[in-house]
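What follows is a short report on a single structure.
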Amino acid sequence: MLSKDLLEALNDQMNHEYFAAHAYMAMAAYCDDASYEGFANFYIQQAKEERFHGKKIYDYINDRGEHAEFKSIPAPKTEFKSILETFKDGLAQEQDVTRRFYNLSEIAQKDKDYATISFLNWFLDEQVEEESTFETHIDYLNRIGDDCNTLYLYEKELAARSFDEE
């Protein structure tokens, strides 16, 4: 049985994962509108990954005999000035998610809920990868600058990205 605080935090995080999926779809829409289909694909795959994370938390809550509680998801930001801005926003979002998982881990440790600590370790490892991915893209976009040919090639590389549930 999960403590009240831990269940509430897990439900909040599950809902936040679905919000993150919406935010990435808004970034995909911006990219599609700007005719950057490769970048749009990157964000569509990110959204799939966030929905997978939400479902993983949903399953865990249910496996622990508790009730997953869905809440209203606020509308994400939909206006961006550049592709680089979408990646900076994505990094900030992932950093926020990392902080949220640290908080969840602290609650689980306080509760001595070792099963949840083990469950959350997967997400903590995942967040290292997520932040690194966004930092790499930001660095690369900064290096590309206004070089349209290199940006075109980079975008084509991202068009091939796909998400497979682990």
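Any Cβ shown, glycine's included, is placed from N, Cα and C.
In Swiss-Prot, the Fe cation 2 site is described by E50, Q127, and among E79, E85, E94, E157 the residue recorded at this site is E94. Binding of Fe cation 1 is annotated in Swiss-Prot for E50, H53; the matching candidate from E17, E66, E69 at the same site is E17. Here the domain 'Ferritin-like diiron' (2-145) has, by DSSP, the following mix of helix, strand and coil residues: 117 helix, 0 strand, 27 coil. Checking the binding-site residues (E17, E50, H53) against Q127 (Fe cation 2 binding site) with a 10 Å Cα-Cα cut-off leaves nothing. The separation of E17 (Fe cation 1 binding site) from E94 (Fe cation 2 binding site), Cα to Cα, is 10 Å. For the Fe cation 2 site, the Cβ centre of E50, E94, Q127 serves as reference, and the other residues of the chain with Cβ at most 8 Å from it are A20, E49, H53, Q93, V97, T98, E126, E130, E131.
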